[in-house]
Each structure stands twice: as structure tokens, then as C-alpha cells.
Amino acid sequence: MSFPWAKQYTPKHPFMVWMDEKLPLPRLVYSAVGGGYEVPRNINYFWNFGFLAGFCLVIQIVTGVILAMHYGGNTQVAFDSTEHIMRDVNYGWMLRYGHANGASAFFVIVYLHIFRGFYFGSYKAPREMIWLLGVVIFLLMMATAFMGYVLPWGQMSYWGAQVITGLFSAIPMVGEPIREWLLGGFAPDNAALNRFFSLHFLLPFVILGVVILHIWALHIPGSSNPTGVEVKSESDTLPFYPYFIAKDGWTIGLFLIIYSLFVFFMPNALGHPDNYIPANPLQTPAHIVPEWYFWPFYAILRSFTQDWLFIIPAKLMGVLAMFSAILVWFFLPWLDKSPVRSGNYRPLYRKFFWVLVLDVLVLGYCGGMPAEQPYVLVAQIASIYYFLHFLVIVPIVSSIERPEPLPYSITEAVLGSDKAAAPGDKA
Amino acid sequence: MAQDAGTDTAAVIDGEGVRRRDFINIAAVSAAGVGGLAVIYPLISQMAPSADVLAESSTEVDIAQVQPGMAMKAVFRKQPVFIRNLTPKEIQEAEAVDVGSLRDPQTLAERTKEGKTNWLITMGVCTHLGCIPLGAGEGEVKGEYGGYFCPCHGSVYDTAARIRKGPAPTNLQVPDYEFTSDTVIKIG
């Protein structure tokens with residue numbers, strides 16, 4: 001599992017020796033995220049987002065568990081208890097703003113983490129399982145974030161619940177019964193709010209479980225690196241503690257500065273004013289939009305305005321396309337056949353990567369705009385390109401591209417090809 | 001070699017053939033499986049609409065105040081119902097449409113009660129993703145076909161509340177209702 005030169009845990013204190021015999025938990029931690037985990041020495045700042053994402057999950061769980069102590073998951077009190085948290089509970093405003101902006105921060109970090117994976121080919125063998133688990137985490141995050149946004153029971157909460165559960169009614173035949181089953185009624189009401197609260201509390205711990213699997217799967221081949229060249233010898237790696245813990249600590253400081261700017265100085269910048277109006281089942285807000293992190297997928301959903309091939313209803317196509325936009329990631333390890341992992345050595349793939357980034361930004365922008373021209377047309381073109389990228393461009397590029405020469409080893413990539421630079425590595 | 005002669009014993013020793021233990025195994029796993037499903041059923045069923053939600057299934061509405069060209073919103077199962085008194089011009093527009101050209105082909109007569117063609121009573125829930133279309137309230141946009149317009153994703157309904165444009169798959173749903181008198185309807 002780990003490299004032969006990784007340091008072994010050697011407890012010194014008699015208690016720790018005793019502990020190691022009975023329950024080797026400190027040994028597990030040491031080998032997983034301590035001095036016993038060897039990491040490629042050349043990883044850059046893009047490799048900090050995994051640790052940061054874990055940090056965001058901790059922020060969300062801590063603030064969330066506390067908020068649940070003051071919140072009431074019932075339509076009679078949900079909106080008022082949210083305001084009670086904001087006005088009456090000591091530091092309640094800080095906890096709620098920290099939780100709401102924490103969700104946005106979590107998504108920013110995770111999107112960067114995912115696109116790091118796209119660029120550096122982190123999804124390729126032998127790391128497919130890490131990638132697949134990561135996509136599962138992302139899906140769970142989306143479900144959790146959606147249900148969390150329903151809890152304050154404001155106008156956007158209510159209509160978000162109405163629209164998103166409406167997606168399920170697109171399924172032929174059984175769609176409407178499924179929707180009624182999910183909601184426990186014919187429209188979002190107390191039954192729905194109460195179960196969303198229960199699940200919103202549960203899912204973060206499910207995410208935590210999958211995160212542990214994600215890290216476990218990571219530690220079998222070890223971390224990837226910006227060259228995409230596998231670790232060959234001891235000179236290619238450094239122990240996670242203290243080197244990368246220190247580096248992660250520095251970006252956590254940086255992250256907290258930006259996060260605090262939002263929490264304390266513009267806490268509502270990413271929210272919608274309509275959600276400070278109590279839910280009203282008889283009045284739809286003029287412009288329903290989800291939170292910004294769903295915009296690219298929302299734009300894809302809205303892109304289908306005509307029935308597809310005169311058979312599949314536009315509504316069903318929109319829903320299928322939206323889910324496919326994420327499900328296609330599951331197939332990425334097998335769609336990209338290039339043996340070269342890193343975009344740094346793939347001149348053609350690199351260009352298309354940046355087009356994809358631009359495309360997703362355009363989709364996101366259109367998703368946040370009203371469903372009218374020119375946004376619908378632009379979103380339709382961007383949606384087509386999105387699927388073209390994964391289903392056509394990536395497979396073709398990976399077979400026709402001529403990659404640039406790879407360095408012999410990570411050490412060579414860092415120190416140059418002078419063999420004398422790595423005396424222990426002459427064999 | 002002597003054991004080979006007794007075929008039954010040999011089969012048991014080789015682990016081939018059907019043994020009593022195989023039967024017990026299948027029976028035990030089957031019983032546990034059926035038991036497991038029996039436990040899962042209530043766990044799934046509890047999420048379906050509960051008795052009190054289902055009990056709100058009929059509503060009486062007085063429609064005497066609704067003049068031709070006007071509409072009102074009622075509440076049925078916590079969802080809005082649009083009750084609209086069509087003008088002769090609107091009825092004419094709805095009847096002039098070639099039904100075959102519609103996404104969800106229905107005539108105005110099929111969507112209203114006999115002799116009460118002017119009363120268009122539909123759910124006020126867009127069949128796309130469940131927003132409330134505009135057009136029933138005073139001064140709201142009615143869309144280019146003079147019926148309803150859903151602001152969420154741009155579905156347009158005509159004066160018979162039939163889908164004409166946009167992503168919604170079907171016409172606005174007509175709930176079960178009856179006229180209990182000339183001015184009172186019972187929905188559900």
C-alpha cells in the first residue's frame with residue numbers, strides 16, 4: 001500500500017505502546033495523514049484543495065450541528081426559528097452565515113479540486129476508484145446543499161423544493177407517484193420539510209464516510225503529481241507530516257481570510273433576497289434560480305425547449321441531460337485513453353481543457369439569468385459543447401494527440417536531469 | 001475404495017448433489033429475505049402522503065363574483081386552482097385552434113363541463129416543474145396565447161390552458177370537480 005521507504009509508527013511512551021497493541025488507531029492516523037504517508041515532492045498548490053475540502057466539511061458539520069439545536073423543522077416555525085437564530089441566539093448570526101457561506105466555499109473548493117483532476121488526469125488508472133468515489137461525494141453534496149437551502153422555508157426554499165422535486169415527475173408513468181412519495185404530499189409542505197431536515201442532518205455523515213473511502217483508495221497508489229509520472233524512488237517523495245501539513249496549513253489561513261470576508265462583510269452576497277420572504281405556496285417569485293453552484297447544471301436543464309425527436313418530452317430530456325452532465329464523469333477514466341496523465345505534457349488536451357472551463361463558466365452565467373433569449377440559445381450551444389467535450393473531443397484527442405516528452409522521474413522534473421543532483425538514486 | 005461403492009456417501013463427502021444442509025440454507029436465506037422485505041415495506045410506505053394530507057382532498061368554492069374575463073385563485077390540496085370565466089372571444093380563440101397541431105391535443109369542450117364552456121377550471125401548477133403561471137391575477141401577463149404564462153421556464157398556455165410553447169409537456173391539469181349549484185363548485 002505505501003512505499004517501502006515510508007516511516008513506520010514507533011510509539012515511545014509506554015501508554016502509546018500499550019494502545020498500539022490494543023487498538024492501533026494512532027498507527028492508522030500516522031500512516032494515513034502523518035509522517036508515514038509519502039507524497040510526491042513536486043505537488044503544487046492545486047493539490048491543497050482536497051485537504052481544504054475536508055476542512056470545509058468540518059466547518060459545515062460543526063456549524064450545522066449547532067444550528068440544529070436552535071432550528072425547528074416544522075413549517076409553522078421554520079422561518080421564525082431561522083430569524084430567531086439570526087437575532088436572538090448568541091452568535092447565531094455568525095453560525096448561520098458561516099454555514100450558508102461555508103456551503104458556497106465548499107463548492108468553490110470542490111470545483112477547483114474536480115478541475116484539477118480534469119487537467120492533471122487524476123482520474124486515470126490506477127486512480128479510477130478515487131475519482132468514482134469523488135463523483136459520489138459531489139452528488140451527495142448537491143443533495144445535501146439542496147435540502148439545506150429548503151430549511152429556512154423562505155420563498156426560494158419553497159419554490160426550489162417545488163422545482164427540484166418536479167424534476168422527478170418527468171419520469172414516464174411513475175414520475176408523479178414518486179414525487180408525491182418524496183414530498184409526502186401533493187406539494188412541498190410539513191412532511192417534506194421535516195424529512196429534508198432529517199436527511200440534511202444525516203447526509204454530511206454519509207459524505208464523511210465516503211471521504212474516508214476516498215482517502216483510503218488514494219493511499220493505495222499514493223497521490224498523483226503535476227508531471228503525472230509515477231513515484232520511482234525515495235528521492236521522489238517527502239512525508240506528509242510535516243511538509244504538506246505545513247503547506248496545507250498555510251492555504252487554510254488564506255482560505256479563512258477570504259471566507260471571513262464573506263461571512264463578516266458580505267454574508268448575503270451569494271444568497272437571494274427572496275428567501276427572506278416566508279414561503280407562500282400561492283405566489284411564485286418572478287425569477288426562480290438555484291444557488292450559484294447549481295447554475296451550470298440548471299442551464300443544461302433549461303436548454304431543452306422542444307420535444308426531442310418528437311418522442312421524448314422536452315421536460316424529460318432536460319432532466320436526463322442535467323443528471324447525465326455529472327454521470328458522464330463516471331465514465332471519464334475510460335473515455336480518456338491517453339496514457340499521459342498530466343495536461344502539462346498534452347498540448348492539444350490542454351487547449352480543450354481551457355475551452356471546457358470557459359464553457360462551464362458560460363453555462364453558469366446563463367443558468368443564473370432568466371429563461372429568455374439570448375441566454376437560452378447561448379446555454380443550448382454551451383450544453384452541446386459540454387457533452388461534445390466528454391463524449392467526442394476527449395476520446396479523439398487522446399488517440400490523435402502527440403504528447404510532449406515526459407521527464408524520467410519526479411526528481412528529474414524538480415532538479416533537472418543531472419544525475420548528481422540525486423546521489424542516492426544512481427542505480 | 002470401499003467408500004466409492006456407496007454413492008450417496010461419496011456425494012456428501014465430495015460436496016456434490018443436494019444435501020439437507022443446502023435445503024436448510026436456502027430456506028433460512030429465503031425466510032430472512034421475505035422478512036427483510038416485510039420490514040422495508042413500512043419504512044418506504046411511511047414517506048407517502050399521510051392520512052391527514054389525503055383528507056384535504058375536496059374543497060367548495062363560490063364562483064359568483066367571477067365576471068367574464070376575470071379569474072380567481074382557489075386552494076385545493078394546498079395548491080392553487082385557477083377558476084376563469086372566459087369571454088366569448090376567448091372561447092372562440094380556443095375553439096379555432098387545430099387540435100391536431102397541439103402537443104397535448106384536447107378541445108375546450110373536453111376541458112370544461114357541458115353547458116359551462118365559459119368556466120375553465122384548472123390547477124394553477126405548471127406541468128413543467130410546478131411553478132404557478134401568471135395570468136389569473138389582476139394585471140398579470142397572460143402570454144402570447146392569451147391564457148397563462150409561466151415565468152420560471154417560459155411555458156405559454158392558451159385560453160383553454162393548453163400548452164402551446166415552452167418546456168411543459170402537458171396542458172394545465174383539470175381537477176375533478178362538479179357544479180353543486182350555478183355558482184358553487186366542489187373540487188375533488
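For all residues, glycine too, the Cβ spot is worked out from N, Cα and C.
The domain 'Cytochrome b/b6 N-terminal region profile' feature in TrEMBL is assigned to A:15-227. For A:45-71, A:97-118, A:130-151, A:157-175, A:196-220, A:240-265, A:308-332, A:352-368, A:375-397, the entry in TrEMBL reads transmembrane segment. Per TrEMBL, heme b b562 binding site is recorded for A:His99, A:His200. Annotation comment: TrEMBL describes A:His113, A:His214 as heme b b566 binding site. Annotation source TrEMBL lists ubiquinone binding site at A:His219. Taken from TrEMBL, the feature domain 'Cytochrome b/b6 C-terminal region profile' covers A:230-408.
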Open item on the list: Check for me, if you would, whether the transmembrane segment (A:157-175) reaches the transmembrane segment (A:45-71) - at least 3 Cβ pairs under 8 Å, residues 6 or more apart in sequence.
Closed with: no
Does the transmembrane segment (A:130-151) come near the transmembrane segment (A:375-397), with 3+ Cβ pairs under 8 Å (pairs 6 or more apart)?
no
Cβ contacts within 10 Å for A:His200 (heme b b562 binding site), all chains included, total 21
As a whole number of Å, the Cα atom of A:His214 (heme b b566 binding site) is distant from the Cα atom of A:His99 (heme b b562 binding site) by 24
So A:His99 (heme b b562 binding site), by the Cβ count within 10 Å over all chains shown, scores 20
Here the binding-site residues A:His99, A:His113, A:His214 meeting chain B with a Cβ under 8 Å reduce to none
Within the same chain, the residues 6 or more beyond the ends of the transmembrane segment (A:240-265) and with Cβ under 8 Å of it are 33-39, 43, 45, 48, 51-52, 55, 94, 97-98, 101-102, 104-105, 109
Rounding to whole Å, the Cα atoms of A:His200 (heme b b562 binding site) and A:His113 (heme b b566 binding site) are apart by 23
DSSP, reduced to three states, assigns A:His99 (heme b b562 binding site) to helix
A:His219 (ubiquinone binding site) sits from A:His113 (heme b b566 binding site) (Cα to Cα, rounded, in Å) at a distance of 17
If you rank the binding-site residues A:His113, A:His214, A:His219 by how many other Cβ atoms lie within 10 Å of their Cβ, the lowest count goes to A:His219
